[in-house]
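One structure below.
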């Protein structure tokens, strides 16, 4: 896939780039002239951590820096070139996501106009262009996830595994994609999906225990697991060697054990606040994990073969059932939404608009109560908590609509076992 | 001015630094517990020291008063649970040190004033901040309804998934 991007995509990307540049410049002006900053607080944390790293200190000396040292390393030019260097990197990643969306959809034989509309869903989303220009690093993660998809689609298992190990080190949440990726790397399924357009191509494996075991531990799966795991542990080991327990606690363990009693979109926040300081029983801890685990397993077992759709549903569910939800997490599934739209039977009127209205409405409802609590000092904890229940139900309902209206589209076709060594071909 | 903050209230050093760069203060520093995230029960107290510069023209010779206002943005930590739904935090009187220098015709004179805590001379109202907090009696209901909602949401997602029919 080395052909030049068509003119319309080029115009779209250039226009989006110019707009993001303008936003970054505006952000600099607002930061200098107004009390309320345009720049995200997190960006200041990254920048401070990068300055510390530049001076030879640990980035974890900066309180609330809970990211990989790689991020601070990426932002070293903030201290040398310009403080907005990081924003340019994040916005460039945001544009790269747009390009990757186009590339993936083109490879899946989607029509040109539908490709461009899908790219616009990402590039013209107000949430998307503010997040990079305000200095949030999530677009980098999104770009890596999409690149992993492209590598998998093109059979580049090792490359996919390297980037996967790196992205899990960087952000941890992509670990939820490990099982569907492993499942999709299976060239010899016994109950193979048979696409009707491919005559004469059938999986014809004799199924026995040995074949099942061989299939479970296929070369691709073992390779992916070993390489990605190796990269993850290499990064972890390297940074532990450099920054000791500070790195492990702040960049890894904090995210695994995080239970923030402060209000956020999660249904669990009030429960955590009311129980704060009390030792929870094992049953109580398990119960809080159960909904998330059940949903993830069911989604993976049903949709793994349609990898982008599986990723999308898993991510929405992961965010919705998480113990802490902040608005930046939404971009994790916004970047996957354009990849599934061409196979959705959802009409804009009124299913699409209904889903947008329900999701945005639930969010705005929560924000209203949040404003009354934070800025007016009113005790609306109960109402805020109920708003978070409504938000969870809204997320679940939107997911149900997507599931009902999605045409299943496996990312790989099965080919005749005897004709191929790899046994996998991209659709 | 040294403002000793009561338990449950904190100043964000990064926010104050931003204001400092905007010229709101001559200098400012936060001492003590500067953790921005922990609730009140897991935090210690802190204090803020603010330096400000003022000019006062007394060339007319008449006695005049100088009114000074210092704004300090503060944040409330998550307070311990209370049945009333509010936790009250009372602020004490800040410590004030005034260093002045007077430029006269022939010599500079300077003085240092430490206002006494004598209530006759230092009139301050007690400042109380009512911070909303959680209500302990809601604990069981909140936990049960939270998990029930999570379960219902699980079913809302799982059922269509299980019933989803893939094309053959």
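Along the chain as shown, the residues are counted starting at 1.
Each Cβ is built from the backbone N, Cα and C atoms, and glycine gets one as well.
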*asked:* Quick test of your reading of TrEMBL: among A:12-29, A:30-47, where does it put transmembrane segment?
replied: A:12-29
_Between A:284-303, A:384-403, I'd like to know which one TrEMBL lists as transmembrane segment._
A:384-403
*When you get a sec, could you say which of A:65-83, A:84-102 is annotated transmembrane segment by TrEMBL?*
A:84-102
*Chain residues outside the transmembrane segment (A:12-29) and at least six past its termini with a C-beta under 8 angstroms from it*: 5, 38-39, 84, 87-88, 91, 94-95, 98-99, 116, 119-120, 123-124, 129-130, 132-134
*Excluding the flanking five residues on each side, which residues at least 6 beyond the ends of the transmembrane segment (A:316-341) place their CB within less than 8 Å of a CB in that stretch?*
42, 97, 101, 104-105, 114, 117-119, 121-122, 125, 127-128, 131, 136, 138-139, 141-142, 145-146, 149, 173, 176, 258-260, 264-266, 268-269, 272, 288, 291-292, 295-296, 299, 308-309, 391-392, 395-396, 398-399, 402, 406
